[in-house]
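Take a look at the structure set out below.
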Amino acid sequence: MGVALTRAAQWTTASSGTGKLEITPVNESLLKEILEFVEQFSSRHPQEAKHVFKEPLQWTTSLEASDFKTEYDISGPTVKSQETDRDGHPMLQLTPPSISVHSFSQLSKIVQLATDKKLKEVRACLEGKPCQPQNETLHPICILNSQSCILPISHREVRLSPAAVKNDVELLKSFCSEGETRVLTSVQYTSDYEFTNGCRTPPWRQVHGEICYLVIKPCDTQPLHITCSTAGVFLNGENAYDRTSDVYRDLVTLLKSKSPHFAENINKQDFAVQEEPPTQKVQHVELVDAEEQGQPQRSYEHQEKNVHEKARQQLVQNKPGGKKKLEPSLKWKNLGLASPYDEADDKKSKKNAVSEKFAEAQEKMQKKADVSVSSLPGRQSSNKTKTPGGVGGADDFSESSSESEEDEEQPERRTESNTDLPSEYWQIQKLVKYLKGGNQTATVIALCSMRDFNLAQETCQLAIRDVGGLEVLINLLDTEEIKCKIGSLKILKEISRNSQIRRAIADLGGLQTMVKILDSPDKDLKYLAAETIANVAKFRRARRTVRQHGGIKRLVELLDCVPDSAALTEEQEKDVEVARCGALALWSCSKSTRNKEAIRKAGGIPLLARLLKSPHENMLIPVVGTLQECASERSYRIAIQMEGMIEDLVKNLNCDNHELQMHCASAIFKCAEDKRTRDLVRQCEGLQPLVTLLSQADNKQLLAATTGAIWKCSISMENVAKFQDYKALETLVGLLTDQPEEVLVNVVGALGEGAQKPANRATIRKCGGIQPLVNLLTGTNQALLVNVTKAVGACATELENMTIIDRLDGVRLLWSLLKNPNPDVQASAAWAICPCIENAKDSGEMVRSFVGGLELIVNLLKSTNKEVLASVCAAIAKIAKDEENLAVITDHGVVPMLAKLTNTTDDKLRRHLAEAIARCCMWGSNRVLFGEAGAVAPLVRYLKSKDTSVHQATAQALFQLSKDPNNCITMHDNGVVKLLLGMMGSTDEVLQEAAAGCVANIRRLALANEKARYG
C-alpha cells in the first residue's frame, strides 16, 4: 500500500501491507488523517484527482446501490459512474460486495457518500488491492508528484504520549472479559494517582520520559511488569526503573512478543472503527520539521494544524460544566509546557520529557505553535494566540549556507545523575502560581523573588519552563504595566541563554512581542528586549522571525542614539546600553544572509561605522562582531573600505581585550580578500600588531583569527616583505605542530603565500618547517590539504628543500592526493608535483616508481574542473620530458585526451595544454595522432588570445606539430602564417624562435610542393 503507509501503520503481516490493520491507537489516528486527506483532495487538487489509476482500487464495500444518487447509472444492485476514462470504461463500478475505483475524484465521492461508514470504507480500501497510477500520479497514500501536496504520514514519526498510553490500556482492558474471547486476564496500573499531565510516575521519573507502570497478566505467562515511556514500552525488574527487555513501540507489540496466546487471539478481535468521543484526547502524530531540514513548507501542514485545532476546541467545548478552557496541544505536552491554568496540585506537576534516545528527534518536530494562552487575571489583554514566525513565502527558506550545526543548536540533554529535584524547583513552581493568579503587586513581588534565584543554573531555567512559567512571562509582555514588563524581560534575558528555553520562547511567539517592545519609549524596556532577542536568535527560525516582523529595522534604529563623548550622563549611559544591546541582537541575527542584506538596506553600515569609533569596549565587541559576520558579503567588504573602518579595526588590534582583538582580526581576515583592503591594513600599520598577537598561542580563537588575517594579507607581496621584516615566518613555522586544524589551515596558507619569495623558502627550511609541512600531507581536512600542497609545492622550487621533501617521501604523498575526491585538493596536488618533478634528482625514475601513478594522472584529464585540467596538463608537460615516461603515458591514451580539450576558451588551461601537447609530440607518431584527432585548428585560434604566455606555449606546440606535412596544411588553411609573422618580431626569444620554426616548416612544405609540381 505504499512505503509511507507500510512504515507508519501497524499490520498483522510482516511488511507487505496486504494483511489487516492491527487494533492500535496509531492505526486509528492514521485512518482519521487519511480520511481527512481523501475528503479534501478533489477540492484542493482537482487536476490530480482526475488522473486515472493504471489498475483500479478494489475492496469489499458495505455500500449499496441505494447509497448512490446522481452522476451514477444504477441497474439493480450494480452501479456504474457516468464519468468514464478514454476507453469508455466507468471510473467507478459497484458489483456487491466488490467495488473498483479508477481515480481520486471518485474516491472522494465514495467517502462523502459513506456518511457514518467513512472510516470503515477507508480501512477496507487500505486492506484491499493496491493501485498503480498512470503518468506521474502516485498511490493515494504516497506523496503526490505535483503542487507540493503530501499525505501527513509520509513525513511523520510516532511517539508515545500519556493520552496514547491511556487509550492502549483502555483498549487492552476491554479484552479482559471472561469466556473464550478473553485475551488477557487483567491490566492494572501500579498507581491510581494521575498527574495533570496524564502521567502516573513520580516527578523525578517523569523527567526521564516515563509515563506509567503497569502489571499485565496474560493467560499463558507470568504477570508482566511494564514501564511505559515516551520512547516506547519495556519490561522492568524488581526495581521499576531498570529495563530488562528491548523497547517496543507500544503495548500491543510487546504483548504479542511475550504472550503467544495474546498474539494468536488479538487478530481475531473485531477492529473497533468508530468516531472518537468528544471527551477523548486526540493522539497527536508529530510532523517532522521540514523547515529545520531545509525543506520547503508543504501545503498539508496548515491543514494538519487545523485538524488538531478543531479537535482540541471540540474537546474544550464538551467538558463538564460547559466552561471554555483553552489548552495547549499535545505537541506542547511533549515539549513539557503544561497549561498555565493547571493549578490543581501544582506542587507535584512535572514535565512529560522525552528520553535521551529521542531528545534530538523531538526538538526537530517542533514547527508551529498552536497554543492559545488567555490573559492572566487582572491583565488587560484577553485571549490571544501565540504563533511563531515562519509563515512567509519563499523568503522563509533562504538562509546563510555557512550556518553551522552550532547555529542549529542541537538540543541539550538533561543530566540524569540526580533523581531528586532540588528545592529551588518547587519554590519556583510556587512563584509561577502567584504569577498566574496574583494581582499587580503580587506579580511584581513574585518576579523579584524569582530573580533572587540563580537563573544561570539549568535546573532553575527548566523549572520555569516545566511548570508553565514561560507562557506567563511572555503574556506579561503584553500588559501595560512597565514594572511587570521589565521584571519579565530580566528573567527571560537570563533563562534564554539555555537552548531549550529559547526554542520554547520562539515557539510561544515571544519574539514577535519583543520586537514590538523595541518601539517603546522606555529605554529600559528597549535594551532588555534587544538583549533577550540577541539570546533567542541563536537559531535559524528565530532569526527569520525577527526579520519577518520588522525587527531588523527597529534594531538598526537603536544604534542611532549614541553620543561620541567618553564622559556620559546617566541618560546618555542608557542610550549607550540601548545601542549596545541593539548591536548584540544584530550580531545574532547577522548569521543569516537575508538578515545581512536587511541590515544594509536599513542603513546599518554607517551607524556601525560610527559606533566603531566609540571609546567603550563593551560597545565595540558586538559592533565588530556584527561587522566580521557580515564581512562574508562583498557589499559589506566594499562598505567597510569606503567608510574608513579598516583604520578603526587596526587601532583596536592594539587594545587589551582579547575578545575585541579576535573579532577585529576576524574582520580583517574576511575583508582582506580584496587587494585594496590588504593595502589599507599595511598603510594603517596593522601588520605588526597582527604579528604581535601570534604570541597569544594559548587563546586558540584569537590565534585562528590572527593567523587568518596574516594569511589573507600575505597574498600581496608588499605585505610579505613587511612580514619578513617582522620575523613572522619564524613564528608561523613554530605553530605548525600541536595546533587545532582551524589554526593550521591559516598558518600553512600564510607560509604558502610567503614561500613565493626565495628568501622565505630558505627561512622555512632553516627553521625546520619542511618536515611538519610534509607530515600534514597525511591529514583529511580538505582546506588544510589545499594549503599544505601549495606550501610544499612552493618550497620544492628550491633544490635544497626538494632534497628534504624527497627524503621524507613527500612526492609520493602528493601523488596519492590525486586520488582525493575534492577537485581543489587534486588541482593543488598536481600544481605541487610540477616543481617536484622539475627539481628532483632522476625525476623520471622517481615518477615511474609510483605504481599506477602515470595512469592515475592521465585519467584526471577526464575531469570537468578546469583548474584540475590545467594543473594536470602542467604536470604532464613535466613528466613528458622523460622519454620513457612519455612512452608510458602515450600508451595510456594521453594524445586523444589532450586533443579533446583543445576547444577550451580558458587561457590558463590553453597555456598548459599547449605545453603538454608540445612535449607529447616528441614521441613516435604522436604528431600525426594529434592532427588526426583535430587538435591543430583549435591551437591556431590560441594565437588570438590576449595572454602572451599562451602565445609562447602555443607557438612551441605548433612548431612541433608542423613537422608533419598534413598538420602544416591544416595550419595554413586556418591562417596561422599571418599570426606567426607578427610574433616573429616579439621580444620574447622563445616565442620568436618557435614562430619562425613553424613558418619555416610550412614554407619548406610549400617549396617542396612547387618543386614536385613544376620540376
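Each Cβ is built from the backbone N, Cα and C atoms, and glycine gets one as well.
Whatever TrEMBL says is automated annotation, not expert-curated.
What you see is a predicted model, and the numbers here were worked out from it, not measured in a lab.
In TrEMBL this protein carries:
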REGION    291-421  region 'Disordered'
COMPBIAS  299-312  compositional bias 'Basic and acidic residues'
COMPBIAS  345-370  compositional bias 'Basic and acidic residues'
COMPBIAS  372-386  compositional bias 'Polar residues'
COMPBIAS  396-410  compositional bias 'Acidic residues'
REPEAT    509-551  repeat 'ARM'
REPEAT    603-645  repeat 'ARM'
REPEAT    852-894  repeat 'ARM'
REPEAT    934-967  repeat 'ARM'
I'd like the per-state residue tally for the repeat 'ARM' (509-551) from DSSP, helix first, then strand, then coil. 32 helix, 0 strand, 11 coil
Could you break down the residues of the repeat 'ARM' (852-894) into DSSP helix, strand and coil, giving a count for each? 34 helix, 0 strand, 9 coil
Per DSSP, the repeat 'ARM' (934-967) contains 24 helix, 0 strand, 10 coil
Count the residues of the repeat 'ARM' (603-645) that DSSP assigns to helix (H, G, I), to strand (E, B) and to coil, and report the three numbers in that order. 32 helix, 0 strand, 11 coil
